[in-house]
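Working notes, beginning with the structure itself.
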Amino acid sequence: MVLGVWITLWRLVRLLLLLCVLPWAEGGKVLVVPMDGSPWLSLREVVRDVHARGHQVLVLGPEVTMHIKGEDFFTLQTYATPYSKEEFDQLMQRNYQMIFKPQHSLKTLLETMENLKKFSMLCSRSCWELLHNKPLIKHLNESSFDVVLTDPLDLCGALLAKYLSVPSVFLLRFILCDLDFEGTQCPNPSSYIPRMLTMNSDHMSFLQRVKNMLYPLMMKYTCHISYDPYASLASELFQREVSLVDILSHASVWLFREDFVLDYPRPIMPNMVFIGGINCANRKPLSQEFEAYVNASGEHGIVVFSLGSMVSEIPEKKAMEIADALGKIPQTVLWRYTGSRPSNLAKNTYLVKWLPQNVLLGHPKTRAFITHSGSHGIYEGICNGVPMVMLPLFGDQMDNAKRIETRGAGVTLNVLEMTSDDLANALKTVINDKSYKENIMRLSSLHKDRPVEPLDLAVFWVEFVMRHKGAAPRPAAHDLTWYQYHSLDVIGFLLAIVLTVAFVTFKCCAFAWGKCFGKKGRVKKAHKSKVH
């Protein structure tokens, strides 16, 4: 009995010693303000892992949404929107329809700008409603969050973080109008860094560099209608003039969904972290339904076809052209499509409303990937080493496709102009030409050869900001005027000195010349006068 007591006491001592040695871990509070649509898919993975590390997560989303739904690893707090579900769906439907209209007509351009204006107004009005919801703002203030995690493509989350005086972490692909470069004060020379949406590479001709330099000017109107309402709202809230850069410079860390395996080399700042491929991490087993499709494909394997979460219906004529092309290859095609079934759909093609894209791309029988070139799909293609046929539709997709094509890992087609034969030939090329597989496997090997996985890196930096209450180095460039940033005042000062020295030197030389040669000339002239 005495022995049993001693054993029990010894166990208690060991437990106390262990508790003394181990650091106390206390979960923090994370406020997430997501951008709806596909950006939420990456943010969602970070939220899942942050919750798994013992932190409380509150996701703040609008009542009217596409993808943001409550789940067991976060608490969803919704706020009222000044528009109905019907209004929102109608606007999004019009935007989808614009994708498949000729892009070079003036009418299409005007309609696109009008839809963008309406969408921007909905977003800014929704943000106004959120920030003027006094009970909700009071609740958020009292919750004492340690960090705000948001995508600054929609500036509402960044503005809310600044308004609550809470450190923020941005997770993004890019921001329109180079605002990500301005917000980080990262050098951005137009001579070799292609502007997003220009479809330029980092090796540009003279005319491409002209386009690259002028493109920000052409985007001014888009920036004005997209982001100026947020600057006005911020100025109203803070009772002083607040610029977009003021809002963005509040961020402690910027998590870019990029990787230099895909993107072109460029300067970066200390608080810029690259987590491209973050959506490749979580992979579940293939379901029996899709396992059956794959096993039935035989030696030819499968082709995965998806235009992303935003677009799953296309015009009937174009759908029939695509169906005809898919019937010309021996592979089994799994096509994520919710529209009307094309009447000419071949036996080798299966329509599904949803597919486990990342899991299917990782299967050894997958031969090719038909994608709209969204960043999620592109990185999943790279992670799994699958050559791609790219049908870019809008936004950064054209640039993503250009990057893959320049690396010899895929073929790009214009979805509006391509024929059935074009698509079939592109598929046969990337499947049968071994160079495409070799190039994508090389990219995959480079991308995966890293000390820390992208998802783990993202979670680390979120916790870093929580531990240190921000603590990111703030570039002094934020405190400079535009002419100080470009050293124009210094250049002007030095130029003034050079001109002054040159002027004084010239005057001195002129004076000396006059003294030395002017007098001699006058003497000679006087001598000649006496002779005559």
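Positions of Cβ are set from backbone N, Cα and C atoms, glycine also.
Residues or ranges marked as N-linked glycosylation site in Swiss-Prot: ASN141 (among others). Remark: ASN141 (N-linked glycosylation site) has LEU164 as non-local neighbours, by Cβ distance under 8 Å and separation of at least 6 in sequence. The secondary structure of ASN141 (N-linked glycosylation site), as reduced to three states from DSSP, is helical.
Per Swiss-Prot, the feature N-linked glycosylation site maps to ASN295 (among others). Other Cβ atoms within 10 Å of the Cβ of ASN295 (N-linked glycosylation site), summed over all protein chains shown, number 11.
According to Swiss-Prot, the feature signal peptide maps to 1-27, an assignment based on sequence analysis.
The annotation transmembrane segment is assigned in Swiss-Prot to 490-506 on the grounds of sequence analysis.
Reduced to three states, the DSSP call for ASN295 (N-linked glycosylation site) is helix.
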